[in-house]
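Lifted from TrEMBL, the feature list:
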TRANSMEM  19-39  transmembrane segment
DOMAIN    23-468  domain 'Major facilitator superfamily (MFS) profile'
TRANSMEM  59-80  transmembrane segment
TRANSMEM  92-111  transmembrane segment
TRANSMEM  117-137  transmembrane segment
TRANSMEM  179-202  transmembrane segment
TRANSMEM  267-289  transmembrane segment
TRANSMEM  320-342  transmembrane segment
TRANSMEM  349-371  transmembrane segment
TRANSMEM  377-402  transmembrane segment
TRANSMEM  445-464  transmembrane segment
COMPBIAS  483-503  compositional bias 'Acidic residues'
REGION    483-522  region 'Disordered'
COMPBIAS  504-515  compositional bias 'Polar residues'
Amino acid sequence: MVNVPDPAPSSRKLVGQPLLISISIFASLGVFLFGYDQGVMSGIITGPHFRKYFGNPDAVSIGTMVAVLEVGAFITSAAAGRVGDIVGRKGTLFIGAIVFTVGGAIQTLTTGFWTMIVGRVISGFGVGLLSTIVPIYQSEISPPNHRGSLACMEFTMNIAGYSSSVWMDYFCSYLDSDLSWRIPLFVQCIIGAILAAGALVMPERWCIDTDKDAEGFRILVDLHGGDPEDPTAIAEFKEIKDRVMEERASGVARSYHEMWKKYKRRVLLAMSSQAFAQLNGINVISYYAPRVFEGNQYLDPYPLSGLPCRIEAGWIGRDAILMTGINSLIYILSTIPPWYLVDRWGRRPILLSGAVIMAISLTATGWWMYIDVPRTPNAVVICVIIYNAAFGYSWGPLPWLYPPEIMPLTIRAKGVSLSTSTNWAFNFLVGEVTPELQEVITWRLYPMHGFFCVCSFILVYFLYPETKGVPLEEMDLVFGEDEREEMEENADDDDEEDNEIDETTSLLSTETPNGHGSRKRHRKAGWFGIFRRRPISGEP
């Protein structure tokens, strides 16, 4: 029996929804930062002062300079699960912001190629921590019926960061000096310092897991309006504490090995969502959009590099950055509909429809580049805008929402760290090889990523369960990992030799936030059992 403690004293003036919205927006500065960093390089790598300063780098050097950030991000995102469990969510947020700021300062003051590489790697360390911990923090403070909306708003901040960096590149391109690329790099240091300062005063629900019950209950009370007698806050505290105590009583270590053994299916689904977010082609546009828009009548986007290549769509120099900026504004707008749709339609319909539109638009992009007619430049811009809009509505926000909500509290940080490190591993792969592929396979690059969009459609259709409106502490019901089900299945195995599909058994008499009773299905185990999608009641 969980005893509800007297809440710790609170000095917060904001409570309830204003508090929730305020801390959600501020935490989103973390994703704004890595969105900014992803976009800032896309504009400066085509600038004449940047190319001259770095000795007119070839495609491989450009790819390395852009993609090496993902190496640092991969390392710390893999470690962020452990860090998040030791110093907490806001502690990890603070460390990530400080590290990112230091890396940004080194990039701004760089004296050459290798100094830039060091700065990019250090910034990557910060990005890895931020990109892992911000979605966890967001999912833990969000109510079930608004969790998807708040996560999608968080992604909008990521794209706002990307767009801001592109427009900063564009306006600074009018500066006739090295400031044209140093100023955009310096701006990220300012944002990082602001985030680090604010992280020190942010509340976190995670403290309940470390037995700081009074403080944790106070945070829940504040999030639910400030009344210590609020039944929703009390019920949520009991549910979280019950879950924590149950995990401790099980005696299972909170290790990566145990997580993999017990939650293999969840981990693989979380990792796959982030992998396909990159394989579906977004960073071909995010990192190299000005190169995509440059082109056909301009034989070499790097005039002094000695590379006699014809690249892409026919927009030149500053105009290419301008087109990238316009595209980024449409990209931002496309991230707004999921605010309203993700908790109404659900996760699966959005991912499926997005994959279809992206596959078509990427294939069309390659086709227009292949036929190379006068209308190709405008057609490519339209195709890329449609693609970005589809990604911003679907595979942009949802792979950041899905992993933290399907992971149980005790291993959430570790599970999300694995999924996020998968993102950065594939992010690095795409960022590194894209400049070379643009020159070697040219227009075929885009249908290739369209094929991955088709693969992601198949994966979601057959394997991804719907999680709309399911409380984090009840996610076991979706995946069929509840202990009661296991005992019932064991009993059924003893009684039934053939392990036939049993009758659906009601596990809870209360309704889920979907308005449906929580029901589970017993199914025959098999080699593909870790992948089998078990829909909750009411799911098509």
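Think of each number as a place in line: the chain as shown, counted from 1.
Using the three backbone atoms N, Cα and C, a Cβ is placed for every residue, glycine included.
Unlike curated entries, TrEMBL annotations are predicted automatically.
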* Candidate ranges 92-111, 117-137, 320-342, 349-371 - greatest C-beta contact count to the transmembrane segment (19-39) (under 8 angstroms) -> 117-137
* Asked: Are the transmembrane segment (59-80) and the transmembrane segment (320-342) close, by which I mean at least 3 Cβ pairs under 8 Å that are 6+ residues apart in sequence?
  -> no
* Could you please provide the mean pLDDT value for the domain 'Major facilitator superfamily (MFS) profile' (23-468)? => 82
